[in-house]
Structure formats: C-alpha cells, structure tokens
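S.K.: This is the structure I have questions about; it appears just below.
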Amino acid sequence: MSSYVDSANHHPYMPVTVEVEERCEYAMRSHCLCFKSFLNSAHKHSLKFSTSASSLILQSQNPYLPTLEVPDRRRELERLLLSPPQNHDPVASYKQVHAQVVVSGFEAFSFFGNILINGYSKAACLREARKLFDKMPIRNLVSWSSVISMYAKHGFGEEALLVFLEFLKCYDETPNEYILASVIRACAQLGGGGSEGGQLHGYVVKSGFEQEVYVGTTLVDYYAKIGSTDEARMVFDSLSVKTTVTWTTIITSYVKGGNGEVSLKLFNQMRENNVVPDKYVLSSALSACSMLRFIEGGKQVHAHVLRRGGEMDLSVTNVLLDFYTKCGRVKTARKLFDQMAVRNAISWTTMIAGYMQNSLNRKAMKLLAEMTCLGWKPDGFACTSVLTSCGSLEALEQGKQVHAYTIKVNLEYDDFVKNGLIDMYSKCNSLTDARRVFDVMDDHNVISYNAMIEGYSRLEKLPEALELFYEMRLRLFPPGLLTFVSLLGVSAALSVLELSRQIHALIIKFGVSFDIFAGSALIDVYSKCSRIKDARLIFEEMNDKDIVVWNAMFSGYVQQLESEEALKLYSKLQLSKQEPDEFTFAALVGATSNLASLQHGQQFHNQLIKVGLDFNPFVTSVLVDMYAKCGSVEEARRAFSSTLQRDVVCWNSMISTYAHNGEAEKALHVFREMINEGITPTYITFVGVLTACGHAGLVEEGLRNFELMSSFGIEPGTEHYASVVSLFGRAGKLYEAREFIEKMPVKPEAVVWRSLLGACRIAGNVELGKYAAEMAISDDPQDSGSYILLSNIFASKSMWVDVKKMRERMDLNRVVKEPGCSWIEANNKVNVFIARDKTHCEADLIYSLLDNLIMHMKGIGYIHDTITLLVND
C-alpha cells in the first residue's frame, strides 16, 4: 500500500513514496505462516509428528500440550484461520475462531496464537492481540515479531520499543530481521529527538544484520524521516544488496527534502544497475521532475512507462497529470486525462487543481461540474481548488454553490474547505459571509486568521484587520509572513506611515525582516508613504533580492517621480544576476514617460523587443502611454498595432492617447474597433471617449456614449460627469452644463464645477463663473485651480479689484499655487524649468535668448496676451 504526499505543494493525492513496513509486510506474513517455522517450534518443544504433513498428529510430552489425534478438527481450524473472515465484522470472526481454538485445546500452540495475533492486528483490535500474546505459554520469534510489528504498524512506537526491551530481557535468541525492522520503524515514529534510533543502529551492526536488506532499507527510511538525509545515504551506500524498495526509499527521501537533482541521479543509477523501477520509484522520479520543472526528464519517465507496455498504473498516471500541470503543460495533461480508461477521485482532483494552479479557473469549475454529473463525489481538496478559482474570478454564486455542496456532504468542517471558503468570500468582496464562516470555526489557526485579515486588507478595512490581528496575538497565534504582508498592503493603500513602522518593528521582532516578500512589501509601503529613502534603505539591507524586490524599488521611484533614480538603479540591475521582466520594463518605461524622454523610451522598447516581451499587452499599454506623453502619436499607434494580444487596458491607452492629442475621430474609431473585437469597455474607456468628444465638440456623440455606459453595467463617476460638463462648455452651452450638474444623482465634486468654471473662462461669462467657482471652493477650499480660473475671468474683463480680492482670499486661506514646470531633453540630458526660476546653470543665456526672441516676435507685429500670464505666475 502506498501513502500519498505532495511532490511539490503537499498535495495529499500524489503517490510518490511507499512506507517500508507495508512493502515488507508480505515477507513478514509469509514468515509468520511458514510451515517450517511451525515445525521448528514444535521440534523445540519435543513434539512428534506423523510422516503425513497433510494429516498432522501432534503428540506432546509437554504438560501444556494435550495429546491429540484429531487431524480433521485441526485442519478445519487451520482453514478458518488462514481464510479471510467470513463475517462483516472481522473482530467477531476472529474471536469465534479463537474460541474454537480454546475449546479444541489448541490454545497452547504458538502456530495458532501467531495467526490470531496477526488477525487481530489487521482488524485493529490491538487489545485482544496483546491479551492473547500475554497468555501464550510458549512464544517464538514469530510471536514477538508479530506483536512488535503490530504496534509499529498502528503507530504505537513506544509500545513497540517496550515489547522489544521485554524480548531482550526474557528471550535467549537473537532478534531476527523482521523484529529489528519493526523496532526501527517504531523509532522513526518517535522522531529524531531521542537516541533510540542511533542505539538500535549500533545494535544492528553488532548483531551482524547491517547487510540484511530489510533492516538496511528500514534504517534508510528511519534516517530519511528524521531529516538526516546524509546518514540515510551512508546506510544506503553501504548495502551490498539493494531492492527496489531500498532505491524507492532513498530517492523519495531526497524528493521530500527538496533535492530533486540528486533524486534523478539516483534514479539513473538504479536503471544502470538493471533494477526495474516500479510504480513507486517512477512516481518519485516524476515528483523530482515536477520540483525542478524538468519537462524533458518527465517526458523520459513517461516514455519509459509506455515502453514497458501493458496498462499504465493508475497511480503513475495521476502523478503524470500532476507533473504536466505543475510544468504548465495543461493541454498535455488534459489529453492524458481524456485517454484514461479508468479514473479515480485523485485523477479528477489533480486535473482540477492543475487548472486552478495555471489560472484556468473557468475550466476548473467546468471540470468539477462534469465530475459531479458523472456521479463522482468531490472531496475537500477538489472543493478547495474550485473555491480558489471562484475567488480569482469573483464568481460569488458559483462559490456559494460549492459551499452548499460541502454542507450537503459534511465537508464544511474540513480545515482546507473552511479556509478556502473564507478566502473565496473575501476575494468576492463578501466579507460578511467570510466572517460568518470564520466565526463558526471551532479551531482557528494561522491560515484562517491570515485569510480573514487579507480579506479586510483587500477592501482597505484597516480597523477590522487590526482588530483581528490583535485577537490573533491574544490567542498566542504567531503571525506569519502572509499576516504582515496583508497588513502592510492595507497600510500602503492608506499611506499610514506610523502603522507601517510598527508593523516593520514586529517583522524584525519575529525574524522575517529580510525575507524577500516582506522586504518588497516594506519597500512598497514606504514608497507610498513618500519615504523613498527609507524604502531604499530596506532595499540595500536585503542580501537576497529577486526581481520582485527590484521591481518594488523601481515602482517606488516612479510613484514619487524620482525617475532619474529609477534609471540609475536599472544600471545596477544590469550588473546583477537578475533578469528584468515585463513589470521591470513597465516601471522603467513609466519613468521615461515622467521625463518625456523619447530617447530612453525607445531604448527600453528595443530591449523589450530583444527579450520578446513587446507582444505583452501590459507592456504595450505602457509603451503607448509613453509615446503619447512624448508627443509621438504615430509611434504609439505602431506599438499598439504590433501586438496581437490586446487587453482592455491596451485599448484604453490608445483611446486616451488620441483623445488627449485632439484626434477625436481616431479615438472614436478605435473605440468602435474595440467593441467589434468583443472587448467589453470599462470605466476608463468611457473617460477617454467622452474626453475625445469634448475636444472635438461632438455633443450628440458624447451624450450618446454617456447613455451607452449603462448597457455595459458601468455606473457614471466623477470623471464622466466632468467630461460631459466640459463637453457642453466647449460647445458654448454653459447653462445646459449647469442644468446637467444640478440634475446629477450624486453630489457634484469640485472637479465637476471646475469644468464649468473653465468653460466660463473661455466664454468670458463672469456671473456663471463666479457661481461655479464658489461651488467648487466650498467643496475643496484648498484647491488653487478654482481661484486661478476665476481670477483669470476677472482679469479678462479688466476687473482688477476682483483679481486683487481673489489673491487676498487665497492668502487668507493659505492656498498655494504650485508653480508651472516644463522640461526638454537636449544632448542626452533632461533640463527642467519652473516659472521665474533662475537655478539652471545657463539661466542667463536662456533668458537672453528669450528676450531676443520676444523682440523678433514684436518686430513682425505679434501681440501676446499678458493678462493670463500675469495671473498664472
């Protein structure tokens, strides 16, 4: 029989190893029932036999054994003992035969006693077996071996050791290989904390059993189970004879220890020694290939299985399914699954889990439905996999159906299922249901707390997450890495610096400060809290940095507009062993967008093409945005057209590019293309579309698209309302714009009134402008834009007293206008200019050239608008 452990992710269904005691059981049973053993035992106790083995007549001079000449009765008892129990209750069946043995006067014969002990052991009736053993007047090696093996097999290692010590005290003979193998297994059950295993190993060597294959194999298994792989290998190498079980044990020990390369080397050595691998060895080898993502190696094992001919063992097929899905070859796994003549629940569960692990969540849900339709009953692991898929898709209704099924088949109390339900409801934003599942749990653990805290963090419910974290600490559950990462996530989203520092202190206290996951989360939170120097300190303190940590630092610099630092850091990345991925280039292209540095952007675009990431839709959308901000609309369109896989973000970037560059018809054309391609527009899509309509003055088209939003299930937001107001304003329909604002179903924010105010400035409508400005200022008193726009309106009408009052009002409310900033790239250097700034190293020359240019402009009759310029300083 095999026990199931996971090859890489502790999936309980993948057969990769075999317990040594189970593989030795047949030999031990044969030893127990061996007729030769019975004859030897009888000879030891002065028994006489007839020459006919089939009609054994025992005559004893031992007072414990009656003189019997009843061969028929004896043969009948032998038949009953050696046949499978006829009763549905095996314990009752063995007790009946036991009673007949006693009544017939055979209870003193160790032959019958040994068989009964083994029968009781199989029926898990250890107490009856021990009673029988204790009452046996004559015990032989088989008797002691049977009891010790019974305790070891059922997990009572300490009792097995005690019986072995009793054997050494009261029995003169040396223990045989079966007794020693069972005692070693008992030591393995007790773990490596004591010295019993080492002492027993010494006893084995002293007794001369170190080359006995059963004992040696069990020693290898013992050292492997206590984590001493080196000692297991020493014992393995010292064995002159190695069975398939021996090879399986050592190969599996390396797989469990995460050393797949050594496992595969041993597998190759095994084949070179002409040892035919069985299903257990093949399963272990496939598990090692899964661990290493070694596709070719797994295919070779698959080919070996096919070359052997015959029907493939079901357990090996299941491991092959697991191997292909873990290596991302889901189509190959599904083809193998469909070709299986016989499947079990493990086959279905493995395929469902494979779909989930490869983010093919809809297929996982569909396969579960197919499984139930065919009469299979999904277990807790299958349900957990599908719950994960439901959470990823935010498929709440399907998740509830799985929840109902778990209640129906009494799986709702399974730990995996409970935690899966919490995770699913949290990801579906149904925190009430998630909390209800959490509250009814009797045995909370770190995983359930983490799942619930992650749910609160995802929806930025900081008080609830912290309250649960406090409860977790009170119950003495040690917070894990995921706990801290979740809390840092919500802290970063809300930019709570003090809380972030406290969490950082706890991370250091619990010793995970330099973990790459915690490190990247800390870099992210300090960046979002505008503490970019602290983020860089964390980055520098980390000895092991994967590309995720580098990306967190790049993103931090870009978020804080420290684009030059991001580009400098990239030069250090090139000197490291890490390879940039799509997220790295997305951040760096974003940095060039902030700098409007077309040259750097093109260089990164070239690198993207070299590494084959230019077709990634995520990267394409960033490239389109970069070219748009650098004023290269045609390059943006070329980048957009070059990719074959365009997601909705990519389409949105192209629409916004055309919209913000005043090419409304092209923006609307791209929007219509998007609809024809079957891409569902989003909230951002309509922001771009309405902006394009506003720039072109397409009022009817804009209103039609605004009404179209509801058909896609999109609720209009502030940006949409502001775009419609701007649409009316650019068309000169100021009062229609005001009426539209007043009929809004939600309270207008300052940006909406500011859109109307901007339109009033263009039209020169003072009264409506004053009204819009007052409404905007009342909603956001610190926004300088509303003050400046109204001041511009007053200036355009030469209302200088009102201009002065507006300036004084800004000073009274301590409103500061952020000075305008512009930059230009020249000679591979970005030059930044701020209004009235003279910090540039060539400021005198620049202003001299500007004055000269203005003189030339005046010479040809140009009169510039100084009013707006003055009020916008």
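Here the Cβ of each residue, glycine as well, is placed from N, Cα and C on the backbone.
Among the features that TrEMBL reports, repeat 'PPR' is placed at 140-175, 243-277, 344-378, 445-479, 546-580, 647-681, 682-716.
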S.K.: For the repeat 'PPR' (682-716), could you work out the same-chain residues 6 or more beyond its ends whose Cβ comes under 8 Å from its Cβ atoms?
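M.R.: Counting only partners 6 or more residues beyond its ends, the repeat 'PPR' (682-716) has Cβ contacts under 8 Å with 648, 651-652, 655-656, 658-660, 662-665, 667-668, 671, 674, 723-724, 726-728, 730-731, 733.
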S.K.: Report, as numbers and ranges, every residue of the chain located at least six residues beyond the repeat 'PPR' (647-681) whose Cβ falls under 8 Å of a Cβ in that stretch; write 'none' if there are none.
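M.R.: Residues 617-618, 620-622, 624-625, 627-628, 633, 636-637, 640, 687-689, 691-693, 695-696, 698, 701, 705, 712, 714.
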S.K.: Mind tallying the repeat 'PPR' (243-277) by DSSP state, helix then strand then coil?
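M.R.: Per DSSP, the residues of the repeat 'PPR' (243-277) fall into 26 helix, 0 strand, 9 coil.
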S.K.: In the repeat 'PPR' (445-479), how many residues does DSSP call helix, how many strand, and how many coil?
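M.R.: Taking each residue of the repeat 'PPR' (445-479) in turn, the totals are 26 helix, 0 strand, 9 coil.
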S.K.: Using DSSP, how many residues in the repeat 'PPR' (140-175) fall into helix, strand and coil?
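M.R.: Going through the repeat 'PPR' (140-175) residue by residue, I get 27 helix, 0 strand, 9 coil.
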